[in-house]
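A.B. asks: Provided herewith is a single structure, encoded as structure tokens, for subsequent inquiry.
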There are 2 protein chains.
Amino acid sequence: MEFNYPNGNKFVPKSISDKPMTKRSVQFGKRGMTLEDEINNSNQYYLSHDIAVIHKKPTPIQIVKVKYPKRSAAQIQEAYFRQASTTDYNGVYKGKYIDFDAKETTNKTSFPLKNFHEHQIKHMKQCLNAGGICFTVIKFVKLDRVFLLKASDLFHYWDNKDDGGRQSIPLVNIEQAGFEIKYKLNPTIPYLDVVDQLLNDNPFI
Amino acid sequence: MEFNYPNGNKFVPKSISDKPMTKRSVQFGKRGMTLEDEINNSNQYYLSHDIAVIHKKPTPIQIVKVKYPKRSAAQIQEAYFRQASTTDYNGVYKGKYIDFDAKETTNKTSFPLKNFHEHQIKHMKQCLNAGGICFTVIKFVKLDRVFLLKASDLFHYWDNKDDGGRQSIPLVNIEQAGFEIKYKLNPTIPYLDVVDQLLNDNPFI
């Protein structure tokens, strides 16, 4: 049985999140939501309005021990988190393949590149090479500002960092190369508006 | 550190599979591999040859209890399998969004529709509506025959089954409406050859 909010978004009970309960510092963002919540909300809006089908991938888990009790659900009794080999979000919009990651930083003047792993960058390069639309959504939590940065721009900084380049991307550069996304009521983060802009500039991406 | 097989495929140690170890009946297929193994192998081939980026999604898990021991990895001590709300595979090929599920049957004359869940069909309808390329790969294990069936053809049978229609798709109909995929050495199941055919017939899908 599925329930929907009046705005058409799907009701998802908190308990079925795949995130473990961890203590986290209080967020002073506009709605007290994490970037992940905001993206998930936006994706739910896009889905329920037949605009795009974009989901967060489940966290990959290595299962070691499972118990199969009679007359009840299989219980995983020992498992470990695995490092994801891809980005967190992918899906389809106007027939195009969309692939991105969402990252928060508490920094105020630059985005530290250590937020990315080598395999995520490799995955984005592979997707871009196969004709996908790849980017990262970056939130400066303390500034309450959200940007979309094209993967190709991210690679520029990533590839330079091991050649004595900066270990972070200055905010001023993100302001120049990226696209600021202004919060809306629905969808919370209208990132597909930027994707439309990218598609208009180059209909072949 | 990553290792590759001589054919360029990535070496993935068995232990990091997200599937629990379960007893399964012996497979008498060509290579003793499950359809999932064959698809994963094929995807690895497509990835390592810069042809397409298509991954199996991790199994969704609901985590209840996690222990954080000092100086070692977080251990999940209680978790349950959740029903996936999407199909198993998605990715990008020639810029197009690809989405599919892979199903085995031991039947010899028809494919039972109970192999699908309502939410998987719903997801495929949403993807198709957003311009994605959606299909299912069906393996008749005892016949060692593999078919690609377009999602739109699957919907036809699915939507009819509740109106007094058949609960399965006869093999003869799959032979007519679907595309048989012949095993190759590499990739094991060259399903993107069929996708090429679909794209040639209708470059706008």
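Backbone N, Cα and C define each Cβ position, glycine as well.
According to TrEMBL, the protein has these features:
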BINDING   B:THR86, B:ASP88, B:ASP101, B:GLN120  Mg(2+) binding site
SITE      B:LYS103  site 'Transition state stabilizer'
A.B. asks: According to DSSP, collapsed to three classes, what secondary structure does B:ASP88 (Mg(2+) binding site) have?
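C.D. replies: In the DSSP reduction, B:ASP88 (Mg(2+) binding site) maps to coil.
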A.B. asks: Taking every protein chain in this structure into account, which of the binding-site residues B:ASP88, B:ASP101 has the most other Cβ atoms within 10 Å of its Cβ?
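C.D. replies: When each Cβ's neighbours within 10 Å are tallied, B:ASP101 leads.
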A.B. asks: Starting from the Cβ centroid of B:THR86, B:ASP88, B:ASP101, B:GLN120, which together make up the recorded Mg(2+) site, report each further residue of the same chain whose Cβ lies within 8 Å of that point, ordered by sequence.
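C.D. replies: Here the non-site neighbours turn out to be B:LYS57, B:ALA84, B:THR87, B:TYR89, B:ASP99, B:PHE100, B:HIS123, B:MET124.
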A.B. asks: Measure from the CA atom of B:THR86 (Mg(2+) binding site) to the CA atom of B:LYS103 (site 'Transition state stabilizer') and give the result in Å, rounded to a whole number.
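C.D. replies: With the alpha carbons as reference points, the distance is 14 Å.
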A.B. asks: Would you mind listing, in sequence order, any of the recorded positions B:THR86, B:ASP101, B:LYS103, B:GLN120 that have a CB less than 8 A from a CB of chain A?
C.D. replies: B:THR86
A.B. asks: Long-range same-chain neighbours of B:THR86 (Mg(2+) binding site), Cβ under 8 Å, sequence gap at least 6?
C.D. replies: B:LYS57, B:ASP99, B:HIS119, B:GLN120, B:HIS123
A.B. asks: What count of other C-beta atoms do you get within 10 angstroms of the C-beta of B:LYS103 (site 'Transition state stabilizer'), across all chains shown?
C.D. replies: 18
A.B. asks: Validating a neighbour-count step here. Other CB atoms within 10 A of the CB of B:GLN120 (Mg(2+) binding site): how many?
C.D. replies: 21
A.B. asks: Using DSSP and collapsing to three states, where does B:GLN120 (Mg(2+) binding site) fall: helix, strand or coil?
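C.D. replies: Looking at the DSSP assignment, B:GLN120 (Mg(2+) binding site) belongs to a helix.
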